[in-house]
């Protein structure tokens, strides 16, 4: 049996082989990517530079925006560039690196979203203990734990995939290197590896989702006896986070916790979580959050004032 190194590069089939469609996609996805980077970078700069956004919620939001930039940058630039070329190739090493990066940043974002749900639980259900439970040190450890968890998950996915023998077809029916398309190209039986990959992804996804759901169930139950202002507070505080959770977990659950049988469906869903969601997240958090909008206005006013003062 030949080693995986016998395949030096892969060919990405992309989203479409139609030249006209590819040109339209180039303009559209380039615009989406620019909005993604600009919007999330604005959130990072706003949180870092604003003194009023120093609570744990915004500390986590800053990392969430940074992760959105990272994992969209793993796939989007390559996809956008490939719309303009006929041979959409990627080296074996580059393919494995892309696989690692996507799973690393996406899984880390899952953990950050879970930590944010716990933060909202403590803030709403145990407000008197919030400052002692959610100290800067505790928040830092939660973020580090999220990065470590994402790294461990990604290492497992990457090692299992990279050790497979690739000796024949090298055309990947996708616009980036992912586990399921690569499993279909391996020159060996991948049933066991496929089960391990699905179990690994499923355990993390379902565990995080269960914690998220339980957090918000407890929050809503604790507010059940309060007046309508309490419900409004919960919805205004947690609404953005719940929206992002649904948008993130839905597509990833569809792709990664089941054996893949239709790569065309997977590609369409993958566009949603690698391109659309990172672009929507800044809009979701800024449009529903008065503090963030106020901080952005102050930051803009300060910048304009400094430029006028020159």
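Cβ atoms here come from the backbone N, Cα and C positions, even for glycine.
Remember, TrEMBL labels are computer predictions, not curated facts.
Annotated features in TrEMBL:
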- 20-45: transmembrane segment (TRANSMEM)
- 39-285: domain 'G-protein coupled receptors family 1 profile' (DOMAIN)
- 57-76: transmembrane segment (TRANSMEM)
- 96-118: transmembrane segment (TRANSMEM)
- 138-156: transmembrane segment (TRANSMEM)
- 191-223: transmembrane segment (TRANSMEM)
- 235-257: transmembrane segment (TRANSMEM)
- 269-287: transmembrane segment (TRANSMEM)
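Under 8 Å from some Cβ of the transmembrane segment (235-257) lie the Cβ atoms of residues 64, 106, 109-110, 113, 116-117, 120, 123-124, 179-180, 197-198, 201-202, 205-206, 208-209, 212, 216, 219, 266, 269-270, 272-273, 277, 280-281, 284-285, 288-289, all in the same chain and six or more residues away from its ends. Annotation: stretch 96-118 has the most Cβ pairs under 8 Å to the transmembrane segment (57-76), among 20-45, 96-118, 138-156, 191-223, 269-287.
Remote same-chain residues near the transmembrane segment (20-45) are listed as 14, 61-62, 65-66, 68-69, 72-73, 76-77, 79-80, 83-84, 275-276, 278-279, 281-283, 285-286, 292, 296, 299 (criterion: CB distance under 8 Å, separation of at least six residues from the stretch ends).
The list of residues near the transmembrane segment (191-223) in space but at least 6 beyond its ends in sequence, with Cβ under 8 angstroms from a Cβ of it, reads 107, 110-111, 113-114, 117-118, 120-121, 124-125, 149, 153, 156-157, 160-161, 164, 179-180, 183, 230-231, 233-234, 238, 242, 245, 249, 252-253, 256-259. Across the domain 'G-protein coupled receptors family 1 profile' (39-285), mean pLDDT in this model comes to 85.
For the transmembrane segment (269-287), same-chain residues at least 6 beyond its ends with a Cβ under 8 Å from one of its own Cβ atoms are 15, 29, 32-33, 35-36, 39-40, 42-43, 61, 64-65, 68-69, 71-72, 74-76, 102, 106, 174-176, 178, 240, 243-244, 247-248, 251-252, 254-255, 293, 296.
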